[in-house]
Amino acid sequence: MMRILLFVATNLAVVLVASITLSLFGFNGFMAANGVDLNLSSLLVFCAVFGFAGSLVSLFISKWMAKMTTGTQIISQPRTRHEQWLLQTVEELSREAGIKMPEVGIFPAYEANAFATGWNRNDALVAVSQGLLERFSPDEVRAVLAHEIGHVANGDMVTLALVQGVVNTFVMFFARIIGNFVDKVIFKNEEGQGIAYYVATIVAELILGILASMIVMWFSRRREFRADEAGAQLAGTAAMIGALQRLRVEQGLPVHMPDTMKAFGINGGLKHGLAGLLMSHPPLEERIEALRRRG
């Protein structure tokens, strides 16, 4: 909770600085001179409320959504020795990472994958696919679990949601400024908000949204390196490299995890060219090389 409060306070400060900066550069005067009566401070607050609301709601219901969309079955009472081993391994890794034991589950998917989610590091969910349990060795599964525990210990779910809230705020803010500019300055509309405002705002939100997604995915790729490092500390560098190499062997298999969950899995799929800027995970080769350099 302290992380959320600190991050929100920081971003309110960013919003305030942005508003003051625009005023100092005479943006308010320029817009007013062209017939645009726009209170930038109020607009920023409005956008911040709605920008953060969506990402924070998603964060607080993330465990429920993950269970629903992936079909994850929570292990409350282990029925097999594999489930017993899974619970014991997660408990051991959680203790080493200094976090409370998360819920543990298995989701029905052939591809080898796993994810962690939850609104804070002491109320999380870690789940692995059936395919991962069936085809990976115990050491490889343990390394994958260590990677996911690393995400939880680092508070990555919270931070990613808050970063998303920040970019949502500025996408909404600048899209509405662009919409007002097009409507009032270019089309000279003097009565309320014309059709040009709505069209320009929608187009601007689409374009700025793509750019914002690149920023969020850049951050997501950075956190994967950090989770790999945490996994190496908990399970050993050799085991973490071995798990990533095994994932690389299976890279041709389609990833059936819902789009909303791919950023939280260990295997985010593969994209090429400009689409690579929208990847939630770095290429496995880069992750393996980073661990080798780490030693």
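All positions are counted from 1 along the displayed chain.
Quick reminder: no glycine exception, Cβ is built from N, Cα and C everywhere.
These features come from Swiss-Prot:
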{"type": "TRANSMEM", "residues": "4-24", "note": "transmembrane segment"}
{"type": "TRANSMEM", "residues": "41-61", "note": "transmembrane segment"}
{"type": "BINDING", "residues": "H147, H151, E224", "note": "Zn(2+) binding site"}
{"type": "ACT_SITE", "residues": "E148", "note": "active site"}
{"type": "TRANSMEM", "residues": "158-178", "note": "transmembrane segment"}
{"type": "TRANSMEM", "residues": "199-219", "note": "transmembrane segment"}
**Report entry** Surrounding CB atoms that lie within 10 Å of the CB of H147 (Zn(2+) binding site), all protein chains
**Finding:** 27
Query - Candidates E148, E224: member of the recorded positions with the richest Cβ shell (10 Å) - result: E148
Query raised in the report: Residues sitting near the transmembrane segment (158-178): Cβ under 8 Å, six or more positions beyond its termini, same chain?
Result: 3-4, 7-8, 11, 14-15, 18, 31, 38, 40, 43-44, 47-48, 50-52, 54-56, 58-59, 119-121, 200-202, 204-205, 208-209, 212-213, 215-216, 219-220, 223, 263
Report task. Show, in sequence order, which residues other than H147, H151, E224 on the same chain lie with their Cβ within 8 Å of the centre of the Cβ atoms of the Zn(2+) site. Result -> A116, E148, G150, D156, R223, R226, A227, D228, A230, G231, I266
